[in-house]
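The transmembrane segment annotation in TrEMBL covers 25-46, 66-87, 99-124, 130-150, 171-194, 200-227, 248-271, 291-312, 319-343, 349-368.
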Amino acid sequence: MIGVGSSTLIAIKFGENRHDEGNRIFTLATFLNLFLGIFISAIILLNIDRVINILGVNKSQEVYRYVKEYLTVIVFFSVFYMSGYAFEIYIKIDGKPSYPAICVLVGGLTNLFLDYIFVVIFHYGVTGAAIATGISQVTSCTMLLLYIILKAKYIKFKKLSKINFEKIFKIFRTGFSEFLTEISSGILILIYNLVILKKIGVLGVSIFGTVSYISSFITMTMIGFSQGIQPVISYYLGKKNYKKLKEILKISIVFLGVLGIFCFIFVSLFSECIGKIFFREQDMILYVKRVLKIYSLSYLLIGINIFVSAYLTAIKKVIYSALITFPRGILFNSILLLILPNIFGNKVIWIVSFLSEVLTVFICIYLLKK
């Protein structure tokens, strides 16, 4: 929320050639991430048992101990998670979109290496895995910060004379829709799991786990594209280059539409192969194949809906963006999952995501015409 909200405002200011004001927003957002990271870490540590219960794990379960071990360590790295995500976007505004990808890759490789050291060699178990993950995030975040301090052309830290609460509110307001996009995925998976567990049972939850892995990869690709182009959109908004904005909108929708078709065809054609990766039993493989062929219909539209929401955020139409994000992420899916299985049977659960995307497309069309 802070990263996207502040980067949108920064890019607009840069487009207006008001670099000092943009950099003051950058500095304010960086300190805001630092403060909230420490605050959230403290809240979680002081209420760690309650947080674990909210995650759906109670003390009677064997996994409880492992969750607590992992969470107790990883929470100390919250600041680096929040700041690193924001720094990635700021560096894109500075004109170096490839550098954050390198930092993320280095962080991932660091994680793999340290996992082997702490878990395999030193046998630190879950705690070791958490330490490895945390250090990898520190590595990525440090690389990003060093670039901003030493090499950035436009993004610079500026001295703040006072805390501007009006700008803080604007940052939160502008980034709220993207915040909904991020958290709705987790909430949606929880809702699906609860419904599937009740209607189909543990077998259905296992199948949906496979679907979630594939869908998360595709969704993150669409989100990555949309968030990557947001600073460019905001920059041209600041320049008042509305012709360029329309061009970006059209090209992006066409690109994501084609990408969605490709993802649908690919997953449909290789659904059985995907099933074999996760299961050995033939009946489970065939079950995954049937489900993926239905669920993958949602890939046709998901990228367009995500992009339109991000586009509206980038041009500061935050309420419009939220009118897409909330119904698509939670409202439509919840209503359809509550009603349709009781009328048409449990098989309809797998097409709910597609129906939700279809309904969301109509909202997108309406809002873009306004």
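Glycine residues also receive a Cβ, built from the backbone N, Cα and C atoms like all the rest.
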Review point. Is the transmembrane segment (291-312) close to the transmembrane segment (349-368), in the sense of at least 3 CB pairs under 8 angstroms with a sequence gap of 6 or more?
Key: yes
Exercise for review: Would you kindly check 25-46, 99-124, 248-271, 319-343 and say which stretch has the most C-beta pairs under 8 angstroms to the transmembrane segment (171-194)?
Suggested key: 319-343
Revision key, fill the gap. Counting Cβ pairs closer than 8 Å to the transmembrane segment (319-343), the top stretch among 25-46, 66-87, 130-150, 248-271, 291-312 is 291-312
Point to revise | Residue numbers, six or more beyond the limits of the transmembrane segment (99-124), whose CB comes under 8 Å of its CB atoms | key: 84, 87-88, 91-92, 131-133, 135-137, 139-140, 143-144, 147
Practice item. Counting only CB pairs under 8 A, let me know which of 25-46, 66-87, 130-150, 248-271, 291-312 has the most with the transmembrane segment (200-227). Key: 291-312
